[in-house]
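What TrEMBL records for this protein:
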{"type": "TRANSMEM", "residues": "A:20-40", "note": "transmembrane segment"}
{"type": "DOMAIN", "residues": "A:63-266", "note": "domain 'ABC transmembrane type-1'"}
{"type": "TRANSMEM", "residues": "A:65-89", "note": "transmembrane segment"}
{"type": "TRANSMEM", "residues": "A:101-123", "note": "transmembrane segment"}
{"type": "TRANSMEM", "residues": "A:135-159", "note": "transmembrane segment"}
{"type": "TRANSMEM", "residues": "A:188-208", "note": "transmembrane segment"}
{"type": "TRANSMEM", "residues": "A:215-238", "note": "transmembrane segment"}
{"type": "TRANSMEM", "residues": "A:250-269", "note": "transmembrane segment"}
Amino acid sequence: MTLNAPFVKPSVLPGFRLTIAFTILYLAAIVLLPLGALLYRASSLGVHEIVALALDSRTLSALRLSFLTSFAAAAFNVPFGLLIAWVLVRYDFPGRRFFDAIIDLPFALPTAVAGIALTALYAPNGWIGAVAAPFGLKIAFTPIGVFLALVFVGLPFIVRTVQPVLAEVDRELEEAAATLGAGRLRTIASVVLPVLSPAILTGFALAFARAVGEYGSVIFIAGNIPYVSEIAPLLIVIKLEEFDYAGATAVAAIMLAISFATLLFINLIQARARARYGHV
Amino acid sequence: MELDIRNLTKTFGSTAALHGVDLKVASGELLALLGPSGSGKTTLLRCVAGLEIPSGGQILFGGEDASLKSVQERQIGFVFQHYALFKHLTIADNISYGLRVRPRRTRPTAAAIRDKVEELLALIQLPGYGGRYPSQLSGGQRQRVALARALAVEPRVLLLDEPFGALDAKVRKELRLWLREFHDRTGHTTLFVTHDQEEALDLADRVVVMSEGRIEQEGTPEDVYDRPATPFVFDFIGESVRLDIHVDKGRPFVGQQEVSIPRLPPLLFDGPAKLYVRPEHVAFRRDGEGLWATVVSLHRSGSSRRIGFRADGTDTVIEALTPADREPPRIGDRAALEIQAAGLFAA
Amino acid sequence: MSDSSVALAASLEEAPAAGSVAVRPPRRRLPTEEAPWVRRLLITLAVGFLALFLLLPLVTVFMEAFRKGAGAFIHAFADPAAIDAIILTLVVAAIAVPANLVFGVAAAWAVAKFDFRGKAFLVTLIDLPFSVSPVVAGLVYVLLYASHGIFGGLLQANGIQIIFALPGIIMATVFVTFPFIARELIPLMEELGNTDEEAALTLGASGLRMFWTVTLPNVKWALLYGVLLCNARAMGEFGAVSVVSGHIRGYTNTMPLHIEILYNEYQFVAAFAVASLLAALALVTLGIKSWLEHRYAGDLAAGHRH
């Protein structure tokens, strides 16, 4: 687009000025102004002070816990999300529609509800916790509990990004591989998985980003023991309750930076996939 | 490798796609399966490939029953209408795919694979394209790569499913000529499916015309065009007009007039019948013997002219084709038609 | 049919005829299908995983809520604080959802029907709240409107309270549920194109009339779906609301916050009873969504992202 091109391409449809003005105003008031406030606060702190605040050992261990468990949960969800997407797309079985609908449960169920339910389930006297306890395995109030809550939260991201792509995979590709002598497993590994890989990476990144920021599902099961099972979002809440706005801002700024990096990463994957495979 | 298909049937649920098809393909032959969509031609091809499981019958590859073999074991080369190239692999990796997936003991060495890819790239006239991706190639180039990929495994039979179907008209024609030359050089037993009669007649050694899961006629392109065996083939291949006539004591009548048709076998029935006539087999004179008719339409199309005649005492319009530079009759003129060739079938 | 074709024509149940030369049974599996046992195994694994990780927590909510019988369940709602929380939640959703509905329709109209500079950037900004932690979403409003915040002094001077009050809760909820409706509408409206609207205009319809009679009917199911998702999320939002609410019982406690308080006071049955209401809302949302997708598969844009 050249510089002297008009801002909007002429159209016979009415209402552009009104709707675009309202969209931008609303966006500015609800999203941009508040996020701007955070950036303003963070910039008045300066990089040096943000790093200093974040290097406090309690903050550091909370950030480490958040990132490690989020990464582990997203990684754990990749094979199972793939399996579930595969089964839902390729096979017909009784209850398929029910299980397809239930995938979105972590999206629809309020996080606090999920949080107390998971805690009840995995606590030493809960259904699963009681099974694990005799083996000396403590789940609730440990990083394992945090991990399991994040698995719950992240699963739909993988399934829902892979599912439509898998449904679109051309059966002829698999037939072509078979006529060339490739066995079923080989065909799936060398023909289907590469087609799915951008969607898998995107789903992974979405699940990871969501997990890092997750609060409600995690705080009940985490037990919130400083240095052990305290997550980064909780630290923001604690700092706010202590009126330590600078500390809260520093942690938030780091988390926001990670969110944006993830978003950028997702866009990069998708741009690369488009450029490489094109629309053949 | 010759191919022998015996009494092949295939049903999808309650609908039958193939009703007991018998077909022999000679070694090195280029055979076209021609028919409208839904005629079962693609199903037949996919059964031969092993991509579809027949409901009954046998498929013999060089006398050996392939029915029990999986698609991987059949050693066929299959080319899909939409190429089915692996988008995430380079052209070279696409072509060598069938060699690389072989078990270690039958897999050629990396160097042998590289040589084979180079050889095939040269054969399909795309040398130096090995490092590109399918999305960087045109449709015609992609289809040639798909052919090279199928040939890399040294197939016993080459199967092409509407190979030019996704290409535009000009590329189609070029690739068609190229494939004919290519076949003459390499000599693979080849089956290809098409719904385009021009393509089938142009390209094939032998044409098999299919309709509703059955073979209507098989023969050389000349046979199929000049001597259609059934009303369907008359309708489907080339242009023809259908006349409702009747046969009385072994003699055909259009309305009240008897028509003489050369080379017609003796008619062993009486009653209503259908006569199929191609426009180029209708000649007309202003006087003399023939089927008397009135000119009802004139239509110039390119280098020729179509003239519509209504035979006396009928509603049917018979078309004749004449060169455009010949002086045309006028609408309402009377003429005597001579039918030089036609097919006659009991109604 | 010749003898040699019997092997293939044999019915599924029948073993190959005696004396058959076939060493292997005929293949009945397509090359793009897995063996039945593989298929069964994969289905079992997937269903088992879903049952363990998704169904079990859901069942737990209702089991815990009714652990001490229906009486205890009902008793949980005799608490005036619970009723206040339910009312507050309904009020918040009743303001946040229509606000985002108007925004979603306006944004979708501008983005989907027109081509303008910076469109891709605008869409990214609309998606932004998806990738911000709810706690951070709450924090940004605190930084802006709390007494020590950027506008704190100004607000205090005029006697306006936003943080630890209803306006803050509503703002945080609007932020978190901001993209839902726009996200459902934009891809669908882009796919539908402008031809229907242009046809309406050539037939003499006014702009508003065209919108009501042509655009809206085309997108009504996607719109309903977006509203449902937005509503479920608005009623269930916890992190962002928790940060801005101040947890003032009977005044700034929404249902999720009330659940937290009850839970931390070891009133498990009451906590799960309130939770079961929200879980039921989630189930209804999912049920309607599944029904809409099944019934109007073509009218909803594929490949949702939440």
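Just so it is clear, glycine is given a Cβ too, placed from its N, Cα and C backbone atoms.
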Beyond the flanks of the transmembrane segment (A:250-269) by at least 6 residues, Cβ under 8 Å: 35, 38-39, 42, 45, 49-50, 53-54, 59, 62-63, 67, 198, 201-202, 205-206, 208-209, 212-213, 232-233, 235-236, 239
Intrachain neighbours beyond the transmembrane segment (A:65-89), with Cβ under 8 angstroms and 6 or more residues off its ends: 96, 99-100, 103, 143, 146-148, 150-151, 153-155, 157-159, 162-163, 166-167, 196, 200, 203-205, 207-208, 211-212, 214, 229-233, 258
Stretch contact, the transmembrane segment (A:101-123) with the transmembrane segment (A:135-159), Cβ-Cβ under 8 Å, 3+ pairs: yes
Long-range neighbours of the transmembrane segment (A:215-238), counting only residues six or more past its ends (CB under 8 A): 57-59, 61-63, 65-66, 69, 106, 110-112, 114-116, 118-119, 122, 140-143, 145-146, 148-150, 152-153, 248, 251-252, 254-255
